[in-house]
Amino acid sequence: MASPYYNASAANGPTGGHTYDHRHPTHGVGALESELPPHQEGDGAGGTWTKGEVQPRRCNDVLFAGLFVGHLVAMAVVAGVYAPMAMQSVVEQAGNAAGDAMSGEDDGGQRDLLAGGEEDVGSRSGLASRMTRAAVRLVVSSTVRGRRHLQEDGGDVSGVNDFNDLLLLMSISAAVALVISTTLALSVMISHAQALIKTALCFNIAASAVFAIASLFVSPFAAIWGIMLLGFTAYYAYVVWGRIPFAAANLTTATTAVRKNLGLAYFAYGNLFVVVGWSAWWMVTFVSTIYVTSECNAEGCAKEENGLLVFLLLLSYYWTYQVLKNIVHVTVSGTVGTWWFVPSEASSCCSHAVRDSYVRCVTTSFGSICFGSLLVAIIQAVKQMVRNLRGRLGSTRGYRQANSIFHSLSCVFNVQKKAKTAEAFVFVGLYGYDFLTAGKNVINLFKTRGWTTIITDNLAQGVLGMVSAAVGLLTGLISLVIASSRGMVFGDELGASAASFFVGFVTGMVLTNTLLTLVSSAVNTVVVCYAEAPAEFQTNHPALSDEMRGAWRQAWPVDFKY
């Protein structure tokens, strides 16, 4: 039986020695305890860096965890106050509209309502107001049309059969996608990583060529943009072609780690359902709040929406979404870190590494996740507000100013992404640091290693998107065959084919993409771990280490020193 204690101090390498004890009361899964004194430094291409070491088990960044929980409570209160008021008003309007429609009164007004009504405030209305009016019109028009159809069809409820057919297609597509993504897709990504990356690059060039050709028939201006896009895509492929072995080695290692710990998929799919539920609940809260505070009805809003209120609601959505996303990311980081240093503790579907990493994410590291997620959410919310402002201002001078602000924020957001937020979360998962310390340490690590350019390479992401689309295409075709063989009808014949394919395609692609986000997180973790501890990787996974070392030397002969 493999010992839970792993001592790498005998391994000669630039990282020195680490001891990992999965069962030690002060250790978390994926956390590494350095045998060297605190602040021991290692040598790198650009100097020295402070080695990561396991932190005492304590709750970090508690303030932000409290703020996050408090904001959820506040959102629940807002929903409890405004949702009933909005629903009561909408139901009354729907009832009145349906009654008028059945009696034949105000026929012109009803036609106008069902068609969307007149935009009394035009382009000046905000996104929130437009969303609110659209939601109200949907409820009202659905009620009116539903009553009309029931009256005309004598109470026929054949639509229930359509719903059952829809559930059948989604269930079959989901089952096929899960089987393919967890078996065939991961196996192909491990054994043919280089071929997949090359295919993804060639596909991008082909798609750009098709777009360029199509743009020739639109306008000269569109043709110029199409040709420029084709040239840029081809040049990018030429520049990064030599880095394909590097990206393939990272992808192979990351996919292998995820495949050894497929229990991570439970948390990924569970997170997907939570995100869907949160999005639906937030949308109801958002529409209800704007509906009441702006005094809206099916025809419009008496007041402009409160900009601060809209911003806070958007911030709530993005913050919660980022927290849910990063909980999975940090869980993957802790699990892959354990697989890296102590593979015997992270080589089964439901290993302790998987479970304990998740527990740490929702307890001691939860505040750090909330902190880092808030920084990203603020930028996303501000960008959305400026994007909305651009749409309202049209082509005025204010639009140009808003456009400048938007592009400036985009640059800030890109800088923030390059500030290694994802890699900082890796340090949170590996060692249990607070977010600021994790960010500082990981930046210092890559600077002193001389790998600041290496980590910006993102070739693996194209493969993940291509695989997701391929599985979605396959499930879409299967869904189409099933619908045709069973005579399922969703509208007319052409609409039935398109709808059945769309249901299968979206279901398969979403589920596959959800699983492959684990691989994306694992790629970030692999890069960080290789910067920190290449010797331990050589000791525990020699075949993968040899492949990675050769690929990195080939792609980065100057920057890579190990």
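Every residue, even glycine, has its Cβ placed from backbone N, Cα and C.
In TrEMBL, annotation is done automatically, which means it is predicted and not curated.
For 1-52 (among others), the entry in TrEMBL reads region 'Disordered'.
The feature region 'Disordered' is assigned by TrEMBL to 98-127 (among others).
Within its own chain, the transmembrane segment (62-83) has Cβ neighbours under 8 Å at 281-282, 284-285, 288-289, 291-293, 316, 319-320, 323, 366-368, 370-371, 374, counting only residues six or more beyond its boundaries. Look at TrEMBL and you will find 62-83 (among others) tagged as transmembrane segment.
Among the features that TrEMBL reports, transmembrane segment is placed at 166-188 (among others).
Here TrEMBL flags 195-217 (among others) as transmembrane segment.
Long-range Cβ contacts of the transmembrane segment (223-241) within its own chain (Cβ-Cβ under 8 Å, at least 6 residues beyond either end) map to 201-202, 204-205, 208-209, 211-216, 457, 459. Among the features that TrEMBL reports, transmembrane segment is placed at 223-241 (among others).
The feature transmembrane segment is assigned by TrEMBL to 262-284 (among others).
If you look up TrEMBL, you'll see 362-382 (among others) marked as transmembrane segment. Residues 28, 57-68, 311, 314-315, 318-319, 321-323, 325-327, 330, 409, 412-413, 416, 421, 424-425, 428-429, 432-436, 438-439 of the same chain sit 6 or more residues outside the transmembrane segment (362-382) yet have a Cβ under 8 Å from a Cβ within it.
Residues 28, 30-32, 49-50, 52-55, 57, 60-61, 326, 329-334, 337, 357, 360-361, 364-365, 367-369, 371-372, 524-525, 528-529 of the same chain lie 6 or more positions beyond the ends of the transmembrane segment (424-443) yet place their CB under 8 Å from a CB of it. As annotated by TrEMBL, transmembrane segment applies to 424-443 (among others).
If you look up TrEMBL, you'll see 463-482 (among others) marked as transmembrane segment.
For 494-519 (among others), the entry in TrEMBL reads transmembrane segment.
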Report summary line: Given 166-188, 195-217, 463-482, 494-519, the one sharing the most C-beta pairs under 8 Å with the transmembrane segment (262-284) is 494-519
